[in-house]
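Here is the structure we will look at.
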């Protein structure tokens, strides 16, 4: 997953929203528990915001240059699909720069 080291070059911020208890957010919670340290270690200056709120649908948001934001709903996704979604959001940031 070499793309992880490129996140801070393409993104200004990552926000992950999910419910602490709902089954719909279970994959998102597991993804954060397993990958947060690696993401932060590879991108120490990139803000990675974790927002837990009861009843919130799982979502992944990326903020790019000039305040442009894109989001993806994560409900029903597996951990590998969430990883792929983050990779796609990162590539979207690279295309905004060109």
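Backbone N, Cα and C atoms are what each Cβ position is placed from, and that goes for glycine too.
According to TrEMBL, the feature disulfide bond maps to 19-53. The domain 'Ribosomal protein/NADH dehydrogenase' annotation in TrEMBL covers 20-93.
The disulfide-bonded residues in question are 19, 53, and the one with the fewest Cβ neighbours inside 10 Å is 53. Taking DSSP states H, G and I as helix and E and B as strand, the domain 'Ribosomal protein/NADH dehydrogenase' (20-93) has 38 helix, 15 strand, 21 coil. Over the domain 'Ribosomal protein/NADH dehydrogenase' (20-93), the average per-residue pLDDT in this prediction is 95.
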